[in-house]
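**Q** Not my notes, these are from Swiss-Prot:
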type	residues	note
BINDING	72, 73, 122, 152, 155, 281, 282	carbamoyl phosphate binding site
BINDING	100, 185, 240	L-aspartate binding site
């Protein structure tokens with residue numbers, strides 16, 4: 001199973017439309033995305049309590065299965081699970097049996113034998129979380145924490161939550177995504193979410209070497225010139241150069257990229273005065289964005305990090321709720 005196979009919604013949704021896995025935003029409608037945002041909103045205040053816990057996943061075991069490293073994403077998933085009162089296991093892939101030749105399927109079988117309830121999966125191979133969702137026994141939820149170039153649905157949703165907090169709506173908004181779109185799973189999920197939630201225009205601004213061939217099919221307009229692309233923007237999302245995924249010379253130099261596509265105060269001044277600046281992190285200062293902008297009054301980058309915990313709490317609690325509802329359905333059907 002790969003990311004190019006038919007809609008995964010037979011996997012990620014129950015028969016009555018609840019989440020049971022969270023693999024991709026493809027095929028999910030506005031009501032469900034709005035429900036995720038609303039649920040996350042309700043969890044924001046948990047982080048402001050003296051005791052930052054709710055009992056929704058008490059007695060459940062969540063396994064963070066990260067085949068790619070990511071300090072920020074893994075940390076926020078771990079915090080989200082713990083704030084839901086789950087037990088959390090962080091699997092170190094570099095020392096696990098998988099690194100010693102054990103197959104992914106065997107690793108999963110062993111983890112399931114330990115009565116795990118949820119796997120949070122980050123993998124360099126597109127479609128890996130989908131494959132895992134097909135392989136696990138019923139009742140185990142899979143959350144995609146980023147797979148190859150395919151998708152990063154929780155990052156996109158925390159970005160949508162941040163936009164809604166600061167703009168109050170999606171209708172009428174003009175949003176640009178700037179930088180290395182070619183290698184970005186985040187950009188693909190962001191474009192999908194923005195279109196479903198009703199943004200007026202989604203632009204991508206990048207050199208042709210950093211754009212996928214089918215970029216316009218994703219639901220966006222393309223601009224190669226930063227000055228033109230910044231005009232009338234409500235939101236600008238900067239992406240880092242993913243040099244670890246680049247094959248060959250796609251750029252003359254980082255300095256040249258920054259000159260043409262890096263966000264500084266002068267370029268930000270071409271957007272609307274209340275344009276907000278976002279970045280999924282990690283930030284390469286002086287490559288895609290200057291410090292004065294990243295740390296400036298229009299930056300909401302740290303809000304994104306805070307919202308990551310709330311969004312992941314929402315998705316994890318909703319997916320586990322869907323699994324539990326489906327389990328009850330199976331039990332009732334078995335007694336019928």
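Cβ coordinates are placed from backbone N, Cα and C, and glycine is handled just like the others.
Tell me about the setting of these features in this model.
**A** Cβ neighbour count for residue 73 (carbamoyl phosphate binding site): 23 (other Cβ atoms within 10 Å of its Cβ, all protein chains included).
According to its DSSP assignment, residue 185 (L-aspartate binding site) is helical. For residue 185 (L-aspartate binding site), the same-chain residues that are 6 or more apart in sequence and have a Cβ closer than 8 Å to its Cβ are 146, 147, 148, 149, 150, 151, 152.
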**Q** Using Cα coordinates, what distance in whole Å links residue 73 (carbamoyl phosphate binding site) and residue 240 (L-aspartate binding site)?
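**A** Here the two Cα atoms lie 16 Å apart.
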**Q** Within the same chain, and leaving aside 72, 73, 122, 152, 155, 281, 282, name every residue whose CB is within 8 angstroms of the centroid of the CB atoms belonging to the recorded carbamoyl phosphate site, in sequence order.
**A** 70, 145, 146, 186, 280
**Q** What does DSSP assign residue 240 (L-aspartate binding site), in three states?
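**A** Once the DSSP labels are grouped into three classes, residue 240 (L-aspartate binding site) ends up as coil.
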**Q** List the same-chain residues at least 6 positions away in sequence whose Cβ sits under 8 Å from the Cβ of residue 155 (carbamoyl phosphate binding site), in sequence order, or say none.
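**A** Residues satisfying the criterion: 73, 146, 186, 189, 190, 280, 308.
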**Q** In angstrom units, rounded to an integer, how far apart are the Cα atoms of residue 240 (L-aspartate binding site) and residue 282 (carbamoyl phosphate binding site)?
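**A** About 7 Å separates the two Cα atoms.
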**Q** Which one of these binding-site residues has the most other Cβ atoms within 10 Å of its own Cβ: 72, 122, 152, 240?
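**A** That would be 152, with the highest Cβ count within 10 Å.
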**Q** Would you pick out, from the binding-site residues 281, 282, the residue whose Cβ has the largest number of other Cβ atoms within 10 Å?
**A** 281
